[in-house]
Structure formats: structure tokens, C-alpha cells
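Over in Swiss-Prot, the protein carries these features:
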- 1-11: compositional bias 'Polar residues' (COMPBIAS)
- 22-33: compositional bias 'Low complexity' (COMPBIAS)
- 419-429: compositional bias 'Acidic residues' (COMPBIAS)
- 525-545: compositional bias 'Polar residues' (COMPBIAS)
- 561-573: compositional bias 'Polar residues' (COMPBIAS)
- 613-634: compositional bias 'Acidic residues' (COMPBIAS)
- 705-717: compositional bias 'Acidic residues' (COMPBIAS)
- 899-914: compositional bias 'Low complexity' (COMPBIAS)
- 915-932: compositional bias 'Basic and acidic residues' (COMPBIAS)
- 933-950: compositional bias 'Low complexity' (COMPBIAS)
- 983-999: compositional bias 'Low complexity' (COMPBIAS)
- 1000-1040: compositional bias 'Basic and acidic residues' (COMPBIAS)
- 87-223: domain 'BAH' (DOMAIN)
- 224-327: domain 'ELM2' (DOMAIN)
- 332-384: domain 'SANT' (DOMAIN)
- 1-43: region 'Disordered' (REGION)
- 388-434: region 'Disordered' (REGION)
- 488-636: region 'Disordered' (REGION)
- 693-717: region 'Disordered' (REGION)
- 790-814: region 'Disordered' (REGION)
- 899-950: region 'Disordered' (REGION)
- 982-1040: region 'Disordered' (REGION)
- 439-485: zinc finger (ZN_FING)
Amino acid sequence: MSRFDSQCSSEDVNKEDECVPSSSEDSQDGVSSPMENDDEPEFSQKHYDIEPCYYSLTGKSDRNCRGIVYRYRQDSDLKGFQSHDGTLYRLRDSVFVEVSQNEPYVIAAICGFKYTKRDHVVVKLTRYFRADDIPEISLNLMKQERAELEINPHLCPQSLNRELFNSELQITQPVSCLRGKCIVEYVKDVRHARTVADFSLDNDTFFFCLHYNQDSTKLASTHYAIRVGTSFQATLPPMAECSVGDDSDRDELLYRPNSIESGEEEDYIKLARCYRTYTLSGNHMLDSQKNARSLQVSDLLMDEAIIQLHRSGYKIDDALSELNANDIILTTDVDNMTQDDAKKFAKGIKQLGKNFSRIHRELLPHHSREQLVSYYYLWKKTPEATKPKQAARRVNPTSIKRPTKEKVKASRPTSTEYLDFDSASESDVENNGPSGRACHHCYGAESKDWHHANGLLLCTDCRLHYKKYGQLRQIANRPSQVPACLFKRSNSDEEESGVRTRAGKKEQRRRTPSSMSETPDRRSPSTVSNGAPNLTAEETPTKKLNGSVKRAPKRPLHNGVINNVEKSNSSEEPASPTTPPPTLTNGLTNGHGPESSTPNGETISKRMKVEPSYDDDDDEEEGKMTIDEGDDDPMPVLNGFKKEESVEEIKLELNGTIKKENGVETDPTTPTCSMEAENEVCETPAVVSVEIRDETNGETNSDLKDDENVEPDSPEDTFELGSNVEFETKNAMFVRSIVRSCGPRCARTDLIFKIKVGGVWEKSIKEKEERKKVHLQNQRIQDSEKVAIQQNQIKKEQQQSQPTPQQIHQQQAQQNAQHLQQLQQAVMLGHLPPEVLRQMMPPQFGVDPTAILMQQMMAGQQSQGVNAAFQHQMALQQQLEAHQVQFQLMMAHQHQQKMIAEQQQQQRHAAAQQLREREQREQRERERERQHQQQAQQALHQQQQQHAAAAANQLNPAMMQMMALMANSAASQQDIARLMEMAAQQQQQQQQAAQAQAQRDQERERREREAREREAAREREREQAAREAAARDQAAREHAQAVQAAAAAAQQAQALTPDMQHMHLLQQLMLNPALMMQLQQAQAQQQQQQPQVTNPLQMLQHGMAAQSANQAEMMRRIHPEPAMRPQHQ
């Protein structure tokens, strides 16, 4: 039964209506909304007011757009919105919302529309989550559940990608973010998703069946159903046919009680504990380990002892032998930690944490990882591990440098092979031409606009598909060849005007953009021939330079000319995208084109630098040759030399000597260095300057025109391996290794150099090898000596660590003597009976049981006399202590009575003081009431007088009218009587009003007086309750003290048992060694004075008499006489 059973009913609820948020468009007061009436058009002017609204779109030339908002007249709520493109958005519609330009659309359901404070229309939405928005943990749980139910095989990848997750998250966005409507269908089960729509088509249809709670990050079903059926029932195992009695007993019996007598069992456990305590006492280990192992002497030892006794067949001798052997193994454990090891372990824990493998490898190699782990649980309870840490230093938050802009890490690495273009409008594309851009997904060159999405530049169709569905669309007829504009040209070896030396001291040469396209950073494909490996779009050629792998700089060549010159004519239109990219051969063309615009008289100068190196650290880079291209004037070179021109003169600068060989002239410009003085060869640059001049024209012209048309190498061009020596130096020979049919190309590709036999370089190499051999031989000798020394040290340590037979015998003798002494002490103290001692004595201790028995009997007879004297002394001491206890109790009772009397007197004083304060307070209240009454009477009298005066001064309007008539004419008797009657009525009314006012004042005063009396009564009740509680507490304390005193008296009155007296005497003797020595001396003197008798009974009697006298004297010295003690009165 699932957890949704209690929430289910007989009728399923339409969860689609529940999950989609409800809004105020529902009908009110039972009247249906006009939107639901089919007889009238939707949003008719009969029920709705149409209001225009204006908003702006980003990235458009016509930013201001005009839309329409529909307001319902009955409740003045916004029910719909029509955008500038004619899309009508209603409540509960599912829409696409653009939150970010580079991310997919957010799918949400419309809850309502409203105006902001600035009269901008915004839409309230309830968001759906995609699978990429759900946490990985929740998504994995869902996938695991579906895999168990075998749901995934029923769906295709497109269907799973269209799945959404409903939520209750409310968001608000402006209407300018709406990007169209979609359909979100609810399905009860994911297996029914196919019935909703065909998700392989771009029909803007999605489905959902689960609800996502953002607070708990959990996915739950939106459709509650009772899970009944075979799929949801547990598989019950078959009923067991055998009974419990048939099953074999798997418990192991460790001990069977009542197998031996209880006394023997207790003695056996005492002996085992004594053996282990003695064994651990002589061990040298850390306190933490000793404390941990001493726990095994307590209850754990008892368990181990009885288990071993059961395994030995309840033979006490065999069990003790096994336990003793285990104790010896326990003390000789090799994993004990020394103080230095403990310090290293604590240092490793603080620095490396609980990485016990590293601690074992770096700090404690002689301790295994298991030993370190077990020691850690002991170490962490020590004070060193539990001491508080130092307070961390506070860091000023203002000093921390924070990034000015947060960088969001992409979910997947973005390919660096594609170009990054800014957002562009349709007009920008037209200006750039059709070859300016291409889609990174479908390789299309035509699009309405270009925008970034998922880190790629996409066309309109690919971008909208990605924004809607969160994935790139499938391309049926995708071109197999990547467009040229999607590649970024790599820098080639020929791009730099000079090659870096091994030391890296050459400055980076000036680079110019390529003439194939206007964007120098764009990539173009290139195919490599003549034996060079083919490189794909994602591969980049690398080379090894100075021992490290670096990116090989490469740039294209045009017409066999190194692109070292800026483009002269920038107004030429680029090649169309339909033109195939030029085919390059080994980074160079044929060396000459059909239209050669290079005039005669150009000068080309190259410097060749030969750097011999004899460092011990780098053997592979001996005698490197690098060629430095001159960067004074950018000169085009065809295959290393101009084919049409002749080499007139080559200047070779080498070792300061001037030679002339085959047109090569040397001049002394480079200093020499002595090899014998420094044992090294200086870097001697050999500068080869090739100057090519034309006799007809000596002027140079660097204005070149780069043509877009590049011809590939001729298929007839061939090359072969050669061995001709081009020229020689003092220490090297330059050999042309590649002979091309089209002529020489470049010295870096066609020439190699070899070390000349008998030269300085060869000698230095041989000397270097000899030095290496000598160094290696010396190092081997030193290593062998170190190994021999280490082996000798190990042998010495092993010899020192192994004890000699004399030492072993001496240690065993000491251990036997100590153990025998302990057993003798135990026998003398009377802890072990003679029969048990004879049975339990281990065979390795050579002690005569008869002698031990005699000693025990004599000690027992002597102890009887000592016990009698001690009992008499203890009786006297008990009486004195009883008197002292009674006196102390009497004094304590008197002191307690005195304290109680003082407390009662203080309480009486406090009660009298409170009574006086209450009487004074009541008197002040009565005085205050009397004053109030007097003031009230005075005020009433004054008020009456004022009323009378006012009545006398103010006449009734009727009387005023009557007096005016009487002034005009003579007054009659009736008028006078009437006037008098009116005056009497007025006076009577005033008297009644004064009486009513007086009654009200009296009633108010009476209520105030009653309230004060009630407050005083409550105060008296609280005081009485406090006094009663204090009395109860005092009585309880007195009763407790009396009970405690009685218990103490009863405890002191109890007499000491003989065993307690015996133990007390032994304690006194052990605490006072001087008394023990005196007792032994007295016994020796008594034995010397007594006559020699052969009867052992007489010897025992004499010994007992002397021992009793000595014990009496000793007790007198230990306890002073009663007369000497101070008497308490």
C-alpha cells in the first residue's frame, strides 16, 4: 500500500487543472466568463476594454513595439495580451519566456497580467523545469525507478527530452520576454507520453507527469493512485518446512556455571588479576597504551579468565598457564609507540590529517597502517589531542580581492575551433556578405540573423530549436566538409620573421594579417601533402622546442611568397564561399607562380647561427643550428633562393678568420674564446649573408601584390635524398639532405649539419663523455660504500638488541624472586588457604608448600593474640568515640536551637515592621480620603453657588419674552403669577441637578474606597501565605537535620567487626614502617631469651605471649591514652 492511499478517492481529480495555476478569470457569482461563451467572439468589446501598451525588444532596430491588453470590466483584471506580431496570450496558456539570450527558453504557464508602477505590463508565470534544471541526485532516483519498472524502453530520446516537471515557483517577467506559445500536456504515466503527440516533429509540444519541489529538491507524482496489482506486490518466500528444533544450535558455550566451587573460582580470578598486574607493571610503554591495556585487568579480565577456564576443561593450573603466556605476549608487543614516535604521529595528524597511509610512508615507516589506526583511537583521548585550538586570525574583508565580474562555468567545454561573433542583425549580414559567417551546427551560410547559443554561433533555425527544446536539432543532409570560415588559421613556422634561439633571447617578430580574409583570427582549412600528416579541424600540429612541447606557429603562404608584407590593396573583394580553399603543399607552393610580380634587384639576407652546447644537463641539443631571418625589410623568398637570379656573393663570418671559398668571403667580426681555459665552447654565431643583386637594376621594390589565386605544386616535382656537402666550417659540415627537382627551397628543411671529425666540437663531446663515465663510476663506488655502512649498522643494532643468555637468566631470576615475594606476602596476610595454595602454585616457582603451610599456621596463631589486644583497644576507642559523638551531637543541637531562636526573633521583628508599615500606609490612605471628601464638598458648594449666580444672572427665554411684553404694556396678575411659577420650576430643576451630581460623586468615592480595601485584604493574605511557607520550610529543615544526626549517631554506635579490626591493624602497620621494624626486633629478642624447647606448641605459646605484649605496646603508641586527650566541656 503506497503513501498516497489515504489521499485517493473514488473519482480521480483532473491534475492538469490543479497543477496549472488558477487565476481570476474564473466566473464570479455563478456567471460564466465571456471567454467561455461560444456565441460571442473572444475578448469582445461588450465585456472587455482594449488598452494599448508599449514595450521594447532587445537586439532589434525597431525597438518600440505596440501591443494590446484586454481588461475585464466586471473586476477590472487583465485577462489577455496581444503582442505586436499578433500572438494572443490568454490565462493558463503555456508560453516560451526568454530569460537569457544564450540559454534555452523557460517554459511557464500564465497566471495573470498586471501593470507596474511605471505602467509597464508584466506577466505572472508558474514555471516548468526541464531535466537539466533538476539536481542530479533527484534525477538519478527517477531514472533508477523507471529502470526498475522498465519504462525507458517505451520512450525514444526525443520523448524524454520533451518531458517537463511541474512546480509552484512563481516568476514575473515583462511581456517583452514572451516568445510564443506552446502546448504542455499532463499524462498520468510516462508510458502514455506517446499518445500525446509525435515528439519527433517541431510541434512545440511537451508533457509532464511529476511535480518538482524546489525546497526539498524532490520529485513526486502529481497523480495519486492506489498501487494494486502484481507489479506492486512483494514476492513472498516459500514457507519453511523444518521446525526450530531441527536447526543446529549456532551459539557457542563460553562458560558453564557451578562447574567448580565458588571459592575456587574467586581465588582463580584473583590469581589471574595478580599475574597480569605484575606483568604490566614492568613494561615500558606510553601512558595512553598502558591505560588502555590496564582496562583488561578489570571486568574484561574476568570474562577472559572464565572463558579460558572453560576451554581448559575447568583445570585451574592449565588456565593460569595459558593466561600467563598471553600476558607475556601482551607485554612484548612490537607496536609500542615511543615518545618520538608519538610526537611524529601528532605532527602528521596536524599536517596531513587522517591520511594514515602518508603518515606511514613519510613519518613512521616502521609502524603499519593498522597499528597507526589503532593508536589513533588512544591518542585522540589524550590532553594533547583534546586541547583547544588557537583562535584564528581575523581577516579584513575589505582586503580580500574579489572578482569584478562573476564567471559562470559552462556545463561543457566550449570548442575553441569555432569563431566568436557578436550579435548581428540582417543588415549586418548583408554588409558582410554571404561568406562572412556560417552556422556551427548545420554549416549553413544563409540565415535571417546570427546569435550565440550554447557557446556556438547558430543560424535562426538551429538557434530557435535549441532555445525551445534545449538541444540542437538533427541535420539530415549535413555537409561533410566544414566551411573555411569556421577555422582559425594557425601560426606556422614561416610566419615569424625569425626563429627563436634555444635561450629564447630573440624578440618576437612583427606579424601581419593574412590576405585571404579580412579577419586575421579566423581559421581556414589547409591540406598538407608531400609526406606531411593530414590534420583534422580539431588537431593542431606541435613541435618540440628546447625540451618542451610547444604549438608550432604556422601561417599560410601565397604564390610561394612568405606573407611578410602588409596587404597593399584592401579594397579587393574576398573570395566567394563556393570557391574551394587553396591547397598548400608543406607550407610552401611551387616556388613560382604564373604571374610573378617580383622585380629584379631584390636583396635577401639570412643569418645562420650555429650554437654548440656542451652542458651536462642537455645532451640531445648539441651543435644546434638556427637561421635568423633579417627583419629590416620584408622580402619575399621563393623556396629559399630566387630561381631566376644567381647567387653573387655569400659572406661567412666564422671564428674571426677571413677566407674565400667558392665565392664565400669571411671577415673577422666574431671574437674567439679559449677552450682550454674554460673547458667550454662559446656560442659562436656563424652568420651567412646571402645577397642577391641584379646587374641591371640595383633598386629594391617591396611593393608586392598578393593574389588570391594560389596554384598547387606541380605533380612532376620530386625530391630525393642527397649527401653533397654545400660548405664546411671549422667544426661542422652542411650537407644537403633533400635534393628537389624544382630547386633548393629552404635551408631549414633541406640542409643538415654534421660534426666534423677532428674538430673542437668532437673533442669536447669526447671529453664530456669521459667526464660522465668518471662521474658515474665515482657515484657507484659511493653508493656501494653507503650500502656497506648501512648493513654494518644494522648488524650492530641487531646484536645489541638480542640479549645474552646471562641477561635472560638474570631477568627470569628477578621475576621469580618478585613473584615469590608477592605470594609469601599474600600467604602471611591470610588471603589464601593452605589447600588452595598447594593446588594453585604454578610449577615454575620452586617453593615448598609445607614450609609455606607452617609459616601460614604460625602467622594465624600470632594473629589471634594480636586480634584480642586489638579488640580490647578498639572497645576503649569505641567508647571514647561514642562519648565524643554524643557531645558533638549535643553541641550541634544547641547551636541549631540557638540559630532557630535567632531566626524566629528576626521573623517577629520583620512581621512587626511590616505591621507598622501597613498601619502607617492605611493611616495615610484615610487622611488622603478625608482630604478628597473635603475638596469634593467644597467643589460641590462652589458649584451650587455658581449655578445660583448663573440662574440669577441668566433668565429663561420665556421670562425674557414676558418681561419685554411687560415693558411695553402694563403687567397683569396672571403674567406675574406665570413669571413666578417659571422661576420656581427653574430653581427646582437646578436643585435636582445638584443632588444628582452629589449622588454620583458619593458613588464614585464609595467604589474607590472598596477597591482600596480589597487591595489591602489581598496584601494581608499574601503576607500570611509567605509566613506560613517560611514556617513550613523551617520545620522541614529541622526535621532533616534531626534525621541526619540520628543516622550519624547510629552509624558511630555500631561496633567494629574483628575482620575490620584486623584490616585496620594491618593498615597501621603498612603506613608506619618504624612500628613494623620494632615489632620484628621484639620478636627476635624474645626468641633469643626463651629456652630451646622441642615442643612446637610451647614455642607457639611463647611467641603469642611476646607478640601480644608487643602489639599492646604498639597500640598504646599508635592511640594516645584517654587521659591525654582534651576533654570537651
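Cβ coordinates come from backbone N, Cα and C, glycine included.
Across the compositional bias 'Basic and acidic residues' (915-932), the DSSP tally of helix, strand and coil residues reads 18 helix, 0 strand, 0 coil.
Sorting each residue of the compositional bias 'Basic and acidic residues' (1000-1040) by its DSSP state yields 41 helix, 0 strand, 0 coil. For the compositional bias 'Low complexity' (899-914), the list of distant contacts is 1023, 1027, 1030, 1034, 1038: same-chain residues at least six beyond its ends, Cβ to Cβ under 8 Å. Note on the zinc finger (439-485): DSSP counts are 12 helix, 7 strand, 28 coil. Secondary structure of the compositional bias 'Low complexity' (933-950), assigned with DSSP and counted as helix (H, G, I), strand (E, B) and coil, comes to 18 helix, 0 strand, 0 coil.
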